[in-house]
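The domain 'Cytochrome oxidase subunit II transmembrane region profile' feature in TrEMBL is assigned to B:22-122. Residues or ranges marked as domain 'Cytochrome oxidase subunit II copper A binding' in TrEMBL: B:129-257. Annotation source TrEMBL lists transmembrane segment at B:46-69, B:90-110.
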Amino acid sequence: MSTITPTADSLAGHGDHAHGHHDIGFIRKYVFSTDHKIIGIQFLFTTLLMLMFGGFLALGVRWQLAFPWETMPIFGQFFAAQGGQVSPEFYTMLFTMHATVMIFLVIIPVLAGAFGNFLIPLMIGADDMAFPVLNMLSYWFMWPAIMCFGASFFLNEGFGPNAGPAAGWTSYPLLSALVEAAPGSGTAQFWWLMGVTLVGVSSMMGSVNYMTTIINMRAPGMTLFRMPLTIWAMFITAILQAFALPVLTAAGFMLMADRLLGTCFFIPAGIVVNNAAPTVGGGQPLLWQHLFWFYSHPAVYIMLLPAMGMVSDMLACMSRKPIFGYKPMVYSLAAIAGLGFIVWGHHMFTSGMNPALGMTFMVSTIMIALPSAVKVFNWIGTMWGGRLVFNTVMLNSVGFVSMFIVGGLSGIFMAAVPVDIYIHDTYFIVAHFHYVLFGATLFGVFAGITFWFPKMFGRMMNEPIGQLHFLLTFIGFNGTFFPMHLLGIAGMPRRYADPYLHPYLEHLLPMNQFMTISAILMGFAQFLLLGNLAYSIFFGPKCGRNPWEANGLEWVAPSPPGHGNFETVPVCYRGPYEYSAPGRDEDFWLQTEPPGPRPETPGQAAAASS
Amino acid sequence: MKRFWVLFFMFWPLLALYVCWVAPAYDWWFPGAAASPLGQRIDDLFYLILIITTVVFIGTQAALGYVLWTGAQRSDEGSEERAWFSHGSHNLEVIWTIVPAGVLLFIALYQMDVWAEYRIKTSFPEEVRNDPIAEVTARQFEWRIRYPGVDAEGNPLPLMPDPQPTDLYTVNDLHVPSGRPVMINLRTDDVQHSFFLPELRVKQDAVPGLVIPVWFEATKSGEYALLCAELCGWGHYKMKARLVAESETSWQTWLQELKAEQEFDGVVETSEEE
Ligand code: HEM
Ligand SMILES: [Cu+2]
Ligand SMILES: [Cu+2]
């Protein structure tokens with residue numbers, strides 16, 4: 001089933017080790033590193049940085065919705081030309097770039113890039129990824145992407161810096177295809193497309209690596225059904241990525257060709273925008289929507305499945321209990337991924353595509369709620385009868401489950417096509433995806449950071465600060481996003497710079513102000529996380545190999561693991577969830593502990609007790 | 001502290017339920033009862049799903065609360081009880097797969113009629129199927145409406161695909177007769193937009209290159225909001241227009257007046273712009 005991993009030196013024979021045990025120097029070790037752990041940590045810090053930045057953009061959006069056309073305090077001076085106000089052009093740019101940053105530079109790379117990189121080799125007992133150099137490149141391709149997105153803010157000839165790309169993260173043509181369509185549709189949109197293409201390259205490199213590594217480099221005894229759910233989720237995500245992403249990349253190139261070469265894949269004939277010459281045509285804007293969502297629906301699962309896997313592992317550990325229904329958990333992950341490929345049309349119910357097609361998309365979409373429900377039941381089952389530890393990890397994981405329930409249930413409203421006619425493109429949609437992407441994924445990420453931080457840095461994070469961070473974030477989150485359901489039901493469209501222009505929405509202003517204040521609170525709470533991270537890296541209490549008394553292979557390695565991860569090739573004897581097995585003194589049972597009457601090898605004893 | 005967290009996790013679903021419960025009283029709810037028969041069926045479906053999801057929401061959150069509370073007890077100081085060593089239950093898995101599957105399948109099948117009636121042309125009401133009352137063209141950032149106009153005797157003419165000399169035009173002002181289904185042809189001149197009548201629960205994207213028929217029926221005479229629901233550029237939020245539903249006779253009178261007005265100054269554009 002599994003192969004014995006080659007030794008570290010034969011794998012990473014790219015010059016790093018040419019000098020035997022010489023120090024490889026700071027740059028090669030921490031900057032252009034091929035070590036999966038360093039790359040994972042690089043991804044983590046980069047995405048946290050981007051999270052802060054994306055958060056600022058969101059606060060700009062919220063400012064305008066709460067205090068429309070009022071001068072923004074403090075930050076207003078950055079766009080003093082407009083009197084510090086959020087102009088409508090600027091507003092469209094803000095939400096476009098907020099979503100772009102959050103999706104392409106935060107959620108996707110933090111799950112696959114940071115946790116995938118750090119955890120895959122450690123949890124399957126490998127010494128590194130299959131292709132370490134490719135891995136390094138996948139990180140370094142993020143930076144050109146970030147540059148392109150950054151450039152799109154400024155390089156917009158004739159329109160100045162406050163009119164970046166403004167076609168939404170979905171970039172529907174013709175807004176995104178015709179240079180004259182909007183201030184942000186010019187050069188800015190071009191750089192946006194370049195950015196998306198480059199993050200795609202980065203993701204693709206990662207996903208090839210993850211698949212190969214998981215298939216080929218598992219430690220002896222690590223059979224497929226002994227893999228932690230995190231690994232299953234990463235594996236399935238990598239497959240999703242590999243099949244869906246090329247479609248987006250192709251669509252991106254087609255759109256670029258439309259813009260630069262006049263190919264008209266997406267542009268019908270005779271369209272006149274802003275008095276430009278009529279288009280030559282022959283294309284169909286709906287084609288973009290199909291291609292875009294063929295990637296982007298699976299992508300929403302790319303933004304969730306790894307967190308689902310991680311939360312499963314953390315819940316089991318903090319409940320001191322085996323996963324409830326391990327195999328159903330694996331199958332439901334696979335079912336979500338499989339169904340995920342045939343539901344993209346649910347983003348297009350009102351788009352004018354064949355309505356009969358809408359009906360089939362409706363059925364498949366409603367069915368995808370089923371594996372999601374099975375997962376929720378199994379998480380609750382996992383905690384059921386457990387001996388729960390209420391620490392930061394657990395709180396964030398429970399937050400994940402609790403919030404995911406809301407996101408999954410609101411999905412059913414939207415999957416019901418007739419109801420979606422009404423709520424499509426209203427704030428109800430915004431509520432739905434924030435509950436799944438922030439409420440679920442991001443809380444999962446916070447839990448994951450706290451859980452694996454000791455393995456990354458050999459020190460624990462501060463527990464009271466962690467709990468306070470969770471408390472404030474959770475309150476702020478629900479204060480910000482729960483009312484969005486109501487705004488949506490009240491018919492408030494998304495992407496409106498000034499909804500109050502419409503009399504039937506006027507009375508929603510106070511509620512929007514409440515939401516903005518919650519969002520600001522939540523924003524401030526993130527400094528607790530950053531402070532906690534910064535402090536704990538240097539001053540947190542040192543921890544041993546296995547501070548949580550967990551079972552996975554990663555807890556056998558030193559904290560932090562050295563180059564090559566394990567001192568000896570770990571051998572895996574059981575699944576990762578044998579917590580509280582009867583007849584044992586400890587309530588955990590390392591995957592590497594040989595079965596039978598317990599003649600422990602010295603290494604094992606050290607691993608278990610330190 | 002453990003108990004605090006359990007209560008914390010139980011408090012928020014209660015608060016959420018409470019907020020939803022009082023929301024209609026604060027007007028944080030639908031903009032009025034649906035003003036069209038189809039809209040009413042959409043609302044009914046919404047409430048059906050709301051009931052089902054509320055039951056699931058309460059059930060799952062309560063289960064979560066229960067396992068958290070008992071799990072907290074087990075890890076209390078002095079408690080020797082260990083976690084239940086269980087890898088799951090085949091029967092439970094089967095139950096909680098089959099039951100939701102049944103409910104979901106029901107939801108899926110139950111709604112198909114409403115959708116077919118709204119969008120599939122062969123299920124449109126007979127009287128409007130081939131007889132659009134106006135052509136609505138979206139553009140940055142306004143709605144242009146073209147009526148087929150009336151002949152010399154005052155009888156309505158049919159709408160032609162291309163503009164006719166007899167056509168009548170308005171901007172951001174769509175007038176239709178109330179109490180019967182009407183159909184419009186939806187187009188766009190430039191980028192994508194979306195025709196949204198919140199009070200009637202109607203939404204349809206206007207896609208470059210396509211002419212999409214949309215039917216609706218305003219049950220009562222009155223003025224309704226018409227706005228754009230698909231990002232179309234910086235002025236997306238201000239594509240503000242109105243739908244005026246009025247009795248058949250006053251609608252015809254209005255058309256006559258429009259005709260008179262239009263013929264009076266001989267310009268094709270009318271003057272109801274903001
Ligand atoms: C229970 C399963 C789910 C169902 C039935 C469901 C259904 C839907 C539907 C029908 C839409 C389109 C609504 C519209 O635009 O009119 C939608 C939008 C969306 N969903 Fe879900 N969803 C589910 C779970 C998820 C999950 C798990 C995620 C992410 C992790 C997610 C992320 C999104 C996002 C990001 C959008 C909006 C995209 C946009 O318009 O910008 N959904 N969902
Ligand atoms: Cu989707
Ligand atoms: Cu619009």
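Keep in mind that glycine also has a Cβ here, set from the backbone N, Cα and C atoms.
It should be emphasised that the depicted structure is a prediction, and the values quoted were computed from it without experimental measurement.
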In the same chain, which residue numbers or ranges, 6 or more beyond the ends of the transmembrane segment (B:90-110), come under 8 angstroms Cβ to Cβ?
45, 48-49, 52
Who are the long-range neighbours of the transmembrane segment (B:46-69) in its own chain, taking Cβ under 8 Å and residues 6 or more past its ends?
3, 5-6, 9-10, 13, 17, 103, 107, 110
Segment confidence, the domain 'Cytochrome oxidase subunit II copper A binding' (B:129-257), expressed as mean pLDDT:
93
Secondary structure composition of the domain 'Cytochrome oxidase subunit II transmembrane region profile' (B:22-122) [DSSP: H/G/I, E/B, coil]:
74 helix, 0 strand, 27 coil
According to DSSP, how is the domain 'Cytochrome oxidase subunit II copper A binding' (B:129-257) divided among helix, strand and coil residues?
16 helix, 58 strand, 55 coil
